[in-house]
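A.B. asks: Quick one: the structure is below, and I'll ask about it shortly.
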Amino acid sequence: MKSLILTLLLISSFHFVTSTKRLEDLSEKELRALITIIKEEYSFSVNEKVDYAEDSNENIQVNPNDHVDIQSSNKLNNNIQVDPNDHVDIALWNKLNDQDIKNMPEIKDYADEATATRWLEWYLRVTQRFSQIGNSLEYDYLTNITTENAKKISDQSLLQTPFGRQTLPIAKEFNKYMKNSKNKDLKLIFGRLATGTMSHNDKDVKRVSKLSSDLESIYGTATVCELNDKKTCHTIEPYLERLMETEKDYDRLLWAWKGWHDECGNKVRPVYLEYVDLLNKNVKENGYDSLADNWIEDYEMGNSTEFENTVDQILKDIMPLYTELHAYVRGRLCSMYPNRFDCHGPIPAHLLGNMWAQQWHDRLNDVLPYPDAPPINLTLLLQKKKFSVHDLYTTSEDFFTSIGLYPMTPKFWARSMFEKPKDRDVVCHAAAFDLGYHDDYRAKVCTEVNDDYFYTIHHEMGHIEYYMAYAEGQPFVYRDGANSAFHEAIGDTIGMYAISPAHLVKLGFVDKEAINQHYEINYLMRLALQKVAFAPFAYVMDKYRFLLFRDKIDRKHELNTMWWALRIEHGGIMAAAARTDKVNFDPGAKYHVPSNVPYMRYFLANILQFQFYRGLCRIKGQTTKLHLCDIYGNKEAGQKFKEMLAMGSSKPWSQVLQSLTGETKVESKAVLDFFEPLYKWLKAENLARAYPVGWM
């Protein structure tokens, strides 16, 4: 997980994440020396398809000895202990940085590569310490929302802002010469440094820090009270999210939906608008047209027009599948809720099993194609087997170690937040953290024993596997995802394997004989409700914000209307209740808006994960019926996966993708091929049921 502190608080947000070759392969003596220094410096110790066969389960190949021993793999790590003093000493780190900053290397010639290398070594040493401090303060605040912790973040941002102001102009000056260097790595690293942004207004820096903390606090502490009992109030996690997933009563769902969007979104509105204005002001002062263009640059997929054309085309490719899925789900829901909404129009957002109607799989039982072959109720099974929260994590860890990836570190087990604490306010939104110091990786999840968290834990642990892979062999400058979408795609790839029928057979959760043609369609439907349904939502999240950042939304008359216009146009989803532009701000009820996290990374990850999934299955030797593929225990696939993860950001993302899949572009074909059997079924079923397709 990238540190939000450096980005959100207008601290030096330099990007140096891509290269055409590994640093350790450089021919220049100086840069080889630089990497050696970096590696040594930061290791010292101081106190984030296919057609169906007649026999539908012939593609599931299970070795009778190839299974997960739940009893042995889920042993508790209760006795794990770590040194309580083995953590970042913030005061010491700031003191060391203060000393280093006063001793910046002398620069006599910006064109001299040896000088550039020495300066870069100095810059990275300071930057890594600031990064470690930022990661630590961010985790502390999100797991304990207090005024004191918020002030620590604000104070730190003000303390390190002068460093950014000092170094950004120097990096830009170096880049004037390094951009013509024959050394591709110096050229690219300084190219990244020169694209950073920095505020020169201390008042703005302090204000942005305050607004950022306020937004996190609003989301983490907002509650919805019962209509007839104002003393009984609920936060988004776990109560409201669980209610949206399990409740069937139309009016009860409407109460929860309206309550959350009013209590959170409306309160976020004034704070967020001021926050966005300050962020936009800053990026414009640094040469960008808007915050949208600053975000888009991070993906390295061309300029803003080229990038948006790419994502537009991807969504266009997926829409035939999505519209058939939408028509089928709407038709089934119309039967459940007669006369409640137009059966030819958009679906009300509160009826799809999710507060934001972003994923619909919790309504699977209500739209199940074949009731005679119901998929496993994983939640009930986990509870029947008496799985604990800890068991969910050790089961996930076992998947990764079975393919040759890393076990979790002692600090992970000792310092993660696995459940929602009762004694303080926290931000429950699941996240993984790389504190960047001595194998300190953590998860922050308000875990419950159910199917959603079974998937989520595999996803978050996937982030940590990525952290560990590139930390093992890459210097600090390349310890990041190939681009921001890769990190999300890695976690989701493993999450898909975790719930695949073949893997559930290996877990002993499903009998192999139960996997027939009807079961497969049911499984594909379940995954489509999660993955295909998500695409338009993820697309709109940033399309809306791009318009807002570019001042193309009339804030008085269409601030909220535009959100729902886009949700209807691209996804056929409508507001559950009457809304007004005067007070409502429904996008603000989604965590990633107040936390200012770009969302196209999730849209692209939703595509990339199918490319990764297909690539790993091909390595295993399976090229048909990919929905029945499982790589558990396959060390060859794991090794190729690990090699890709270990590249970090040391190569362009297209080369990283190619190393695993043979492909160099994000493309929708892997998604469409995976769901081809379901697409054919949906078209036939919608025709047979006379369900209308479309909503405009």
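In case you wondered, yes, glycine gets a Cβ from its N, Cα and C as well.
What TrEMBL records for this protein is below:
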ACT_SITE  Glu460  active site, proton acceptor 2
ACT_SITE  Glu460  active site, proton acceptor 1
ACT_SITE  His592  active site, proton donor 2
ACT_SITE  His592  active site, proton donor 1
BINDING   Tyr299, Arg601  chloride binding site
BINDING   His459, His463, Glu488  Zn(2+) 2 binding site
DISULFID  Cys225-Cys233  disulfide bond
DISULFID  Cys428-Cys446  disulfide bond
DISULFID  Cys617-Cys629  disulfide bond
A.B. asks: In the structure shown, which of the recorded positions His459, His463, His592, Arg601 has the fewest Cβ neighbours within 10 Å?
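C.D. replies: Among the recorded positions His459, His463, His592, Arg601, the sparsest Cβ neighbourhood within 10 Å belongs to His592.
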A.B. asks: Measure from the Cβ of Cys225 (disulfide bond) and count the other Cβ atoms within 10 Å, all protein chains considered.
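C.D. replies: Here the count is 13.
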A.B. asks: Ten-angstrom check, please: count other Cβ atoms within 10 Å of the Cβ of Cys428 (disulfide bond), all chains counted.
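C.D. replies: Result for Cys428 (disulfide bond): 23 other Cβ atoms within 10 Å.
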A.B. asks: Using an 8 Å cut-off from the Cβ centroid of His459, His463, Glu488, can you name the remaining same-chain residues around the Zn(2+) 2 site, in sequence order?
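C.D. replies: Apart from His459, His463, Glu488, the close residues are Ala432, Glu460, Gly462, His487, Ala489, Ile490, Gly491, Asp492, Gly495, Ala605.
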A.B. asks: Take the Cβ of Glu488 (Zn(2+) 2 binding site) and count every other Cβ within 10 Å, whichever protein chain it belongs to.
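C.D. replies: A count of 23.
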A.B. asks: Provide, as an integer number of angstrom, the distance between the C-alpha atoms of His463 (Zn(2+) 2 binding site) and Arg601 (chloride binding site).
C.D. replies: 14
A.B. asks: Determine, to the nearest whole angstrom, how far the Cα atom of His459 (Zn(2+) 2 binding site) is from the Cα atom of Arg601 (chloride binding site).
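C.D. replies: Distance (Cα to Cα, whole Å): 15 Å.
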A.B. asks: I'd like the number of other C-beta atoms within 10 A of the C-beta of Glu460 (active site, proton acceptor 2), please.
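C.D. replies: Neighbour count, Cβ to Cβ under the 10 Å cut-off: 25.
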A.B. asks: Just checking, which of Cys233, Cys446, Cys617, Cys629 (disulfide-bonded residues) has the fewest C-beta atoms within 10 Å of its C-beta?
C.D. replies: Cys233
A.B. asks: Could you give the Cα-Cα distance between Cys617 (disulfide bond) and Cys233 (disulfide bond), in whole Å?
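C.D. replies: Answer for this pair: 47 Å between alpha carbons.
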A.B. asks: Taking only the recorded positions Tyr299, Glu460, Glu488, His592, Arg601, which one has a CA atom nearest to the CA atom of Cys233 (disulfide bond)?
C.D. replies: His592
A.B. asks: Which whole-number value in Å describes the distance between the Cα atoms of Cys225 (disulfide bond) and Cys629 (disulfide bond)?
C.D. replies: 45
A.B. asks: By CA-CA distance, flag whichever of Cys428, Cys446, Glu488, His592 among the recorded positions is nearest to Tyr299 (chloride binding site).
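C.D. replies: That would be Glu488, nearest by Cα distance.
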